[in-house]
Amino acid sequence: MKWLLLLSLVALSECLYKVSLIKKKSLRKNLIEHGLLKDFLKNNTLDPASKYFPQGEAATMIANQPLVNYLDMEYFGTIGIGTPAQEFTVIFDTGSSNLWVPSIYCSSPACTNHNRFNPQESSTYQATSQTLSIAYGTGSMTGILGYDTVQVGGIADTNQIFGLSETEPGSFLYYSPFDGILGLAYPSISSSGATPVFDNIWNQDLVSQDLFSVYLSSNDQSGSVVMFGGIDSSYYTGSLNWVPVSAEGYWQITVDSITMNGEAIACAEGCQAIVDTGTSLLSGPTSPIANIQSYIGASENSNGEMVVSCSAISSLPDIVFTINGIQYPVPASAYILQDEGGCTSGFQGMNIPTAYGELWILGDVFIRQYFAVFDRANNQVGLAPVA
């Protein structure tokens, strides 16, 4: 029996490629330090809903991915594009599907402060005549699509289509800690029909299992990781509980209920949720979120943050997400974010009109508590408490 267990663990880790994620200061913190956040918030509406289910023409022509919604992101990984590889810091985002980075064709202030891809310095780059447009709150990032080899955690992903930005509106992006985005959602929401990175990796038989997994460390600058092609059981305790994907676009699942102190605070008759590494907070409909903010004593400060008394953490209850019959508690020490500047709420209101009814986003606040496996082969998400 022990040998069988050992063999199964070996099989799970076979062809497992890891990308280390580094925890950095968020764009919000950078803007606060430079005295720019108030101007930024005045000119940019912070609307997490705008990332999901774009309506009308935007749904087919544009990847609706306002970068204002990455304001609080802290986890970033490094990839290489081209031959020889040019390095970029990206967000590994399960809430979008395109890969894009700044290019030398972009002269916007945001691009000048970041790594820019130079096609002329890559012997494997192939140009196309296709264009890419990604909507921001204040305009669009426009660019072109090309093909090249992308190095991801030791995988050489050849002939990968990606976006090269030509314009990036908004001087605030000058201070962003990332260069671009690597989307890990389904191909159905990819702009311009571009094949997502993980799909291309799987199609080339570069990994042994059609899945990837994510571990986010709560405290350390390092230790967080995205794993392609396998599962490392040392990152979680107990067994993985599997949840069917309810709609193949985002990593969307059905939630049975959301409770605090045993009472339903939202989702009493079930609701939908998207497991999104590219969203830092727990987002939900504005009405129940407002009730939660009131319950935990959160109030808005001049920086638009919902501030909470740090001393309240020990007395506040867990918020419990029941998913596929299993309870997933998130303690106050996780949903209240602490740093040297004090304590802020990890909840954020948004309204998304969808055919699925009430929608929640389980962002990094949730994923720091639960190791997540994104299983494309079986269209399911695996969750287990982090080790």
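Glycine too: its Cβ is placed from the backbone N, Cα and C atoms.
Copied over from Swiss-Prot:
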type	residues	note
SIGNAL	1-15	signal peptide
DOMAIN	75-384	domain 'Peptidase A1'
ACT_SITE	D93	active site
DISULFID	C106-C111	disulfide bond
MOD_RES	S129	phosphoserine
DISULFID	C267-C271	disulfide bond
ACT_SITE	D276	active site
DISULFID	C310-C343	disulfide bond
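Within the same chain, residues at least 6 positions away in sequence whose Cβ sits under 8 Å from that of C111 (disulfide bond) are P102, S103, S165, E168.
Looking at the domain 'Peptidase A1' (75-384) alone, the prediction's average pLDDT is 92. Counting only residues at least six positions away in the same chain, the Cβ atoms of I181, L182, G183, L184, A185, D276, T277, G278 sit under 8 Å from the Cβ of D93 (active site). On the backbone, the CA of S129 (phosphoserine) and the CA of C343 (disulfide bond) stand 48 Å apart. Counted within 10 Å of its Cβ, the other Cβ atoms near C267 (disulfide bond) come to 24, all protein chains included.
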